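Step one of this worksheet: look at the structure below.
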Amino acid sequence: ARKWRDIFWLGLFIVHMIGLGFVLVILGLNRFRKVDRLKLNRFTNHDYGILQPGFQTEKFWPVYAVASALGAVFAWASLALLCVRPYSTIKVAVHSLTTYLAVISVFCFRDGQFFFGTAFAIGALLQFVYTMSVMDRLPFTTLVLSKAVKLITSVPAAMRISYPFIALLLVWLALWSFGVSGVIASGMDDNSRWLLILVLSVSLFWTGAVVCNTVHVTVAGVIVLALADDQIMPPKPILRSLQHAMTTSLGSICYGSLFTAAIRTMRWAIRGFRSRIGKNECLLCCVDFLFHLVETLVRFFNKYAYVEATIYGKSFNHSARDAWELFQSTGIEVLIAYDLSGAILLMEILLGGLLTGTCVGIWAWFKWKERVLIIGLTAMLVGMILVGLGLVVVESAVTSLYMCYASDPSLIRRWDPEFAEQIAETLHQRLQHRSGREVAPSHSFPKSQSNVLML
């Protein structure tokens with residue numbers, strides 16, 4: 001029996017979508033084929049709008065159409081490459097992102113954009129430090145991702161479910177791009193334009209996260225059933241799982257989507273820096289405080305809650321608490337903390353977004369040089385959301401593997417005995433490491449997996 005959960009957040013999301021849709025239509029129409037059609041310039045700096053009378057919505061809309069198309073292509077390519085060549089794809093994602101961020105920062109400094117140049121340079125430095133600090137954990141991460149890919153390719157329906165959602169998100173992006181084009185073409189001053197773009201970007205991020213997590217919940221439901229027992233699989237399992245995701249569990253999805261991605265990103269970053277501090281006790285104390293604060297938030301906002309919600313129909317907070325207690329009682333939490341699957345997928349998402357923003361930014365630089373930065377950044381966001389939607393099926397498979405192993409290790413042992421043995425050995429080592437005992441490095445991983453990501 002299923003009950004509707006977290007209805008308040010579902011209602012808030014629906015109201016947000018309706019209100020934002022209305023605002024986007026107004027902003028787009030104001031500059032569509034006519035300068036200041038709805039007379040909105042009276043609420044802005046009118047003199048500034050007179051300086052740019054030629055900018056209209058339809059001038060920028062094709063740019064975002066190209067950004068959406070590129071994002072969809074990169075989403076499909078990222079998923080396909082990860083399924084065909086997982087080791088090479090992970091290697092490229094890890095080592096290319098640092099270089100790409102550094103190159104973009106150089107171009108920003110060259111163009112006089114010192115704020116964004118500094119931001120990208122800091123991003124490149126942080127990415128480099130983080131990668132060096134977690135290099136020893138990459139072989140196990142590669143193993144987990146390769147097994148997740150094997151799992152989703154064995155359930156073709158789970159892999160195809162993301163395609164209609166990409167099409168649905170493209171429809172929303174068409175409206176979003178229409179409104180953002182109106183903002184860029186408007187007579188606002190630069191500060192007001194950037195502020196409004198920031199609000200619209202946060203809204204797009206929430207919407208994209210809801211769509212991604214809907215796919216995540218749908219795929220997780222099917223994969224858990226497939227791992228449990230093929231004989232108990234109901235007719236059309238993907239449609240039944242989708243029904244739960246789009247109805248009773250949708251409120252929990254809207255609630256969790258507001259926080260999970262940001263908190264997980266903070267957790268990965270703090271873990272990486274914490275391992276590189278060394279003996280600086282003052283700095284270690286400060287970072288430990290942040291670390292425990294974020295760990296507390298993770299207890300209430302983690303991606304494994306979605307799996308609990310889709311299987312048992314619980315509320316999001318109830319699911320998050322139960323999943324965390326299950327991991328701690330079995331010790332799987334230390335294995336999840338050691339795994340970098342989510343961070344690797346985030347790197348691929350960032351790389352896809354940067355490629356999209358760069359391609360669109362080059363086009364905008366030749367046509368509207370003074371608008372290139374704002375167009376490039378918003379196009380990057382579009383690319384990130386679409387690539388993230390394409391890769392969410394892999395993340396869902398990883399999540400389902402850990403949930404099933406924590407609930408009943410025999411499920412994984414029956415599916416892949418060798419993988420179950422490798423997980424058990426790594427879990428034993430991590431538990432000994434946490435207790436303070438020295439453990440010999442594992443030799444259970446194939447040599448090709450252990451060395452594939454070394455510099």
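We number each residue from 1, going along the chain as drawn.
For all residues, glycine too, the Cβ spot is worked out from N, Cα and C.
Remember, TrEMBL labels are computer predictions, not curated facts.
Per TrEMBL, these features apply:
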COMPBIAS  445-455  compositional bias 'Polar residues'
REGION    434-455  region 'Disordered'
TRANSMEM  7-29  transmembrane segment
TRANSMEM  61-82  transmembrane segment
TRANSMEM  113-131  transmembrane segment
TRANSMEM  165-188  transmembrane segment
TRANSMEM  195-228  transmembrane segment
TRANSMEM  248-270  transmembrane segment
TRANSMEM  343-366  transmembrane segment
TRANSMEM  373-394  transmembrane segment
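Where the transmembrane segment (61-82) meets the stretches 7-29, 195-228, 373-394, the count of C-beta pairs under 8 angstroms peaks at 373-394. Beyond the ends of the transmembrane segment (165-188), by six or more residues, the same chain brings 21, 23-32, 36, 40-41, 44-46, 48-50, 52, 55-61, 63-65, 67-68, 72, 75, 196-197, 200, 204, 207-208, 211, 214-215, 371, 374-375, 378, 382, 385-386, 389-390 to within a C-beta distance below 8 angstroms of the stretch. For the transmembrane segment (195-228), same-chain residues at least 6 beyond its ends with a Cβ under 8 Å from one of its own Cβ atoms are 13, 16-17, 20, 24, 151-152, 154-155, 157-158, 161-162, 165, 168-169, 172-173, 176, 179-180, 183-184, 188, 234, 237-238, 240-242, 244-246, 249-250, 253-254, 256-258, 260-261, 303, 306-307, 309-311, 374, 378, 381-382, 385, 388-389, 392-393, 395-397, 399-401, 403-404, 411-412, 415. Long-range Cβ contacts of the transmembrane segment (7-29) within its own chain (Cβ-Cβ under 8 Å, at least 6 residues beyond either end) map to 37-38, 40, 57, 175-176, 178-183, 186, 200, 203, 206-207, 210, 250-252, 254-255, 258.
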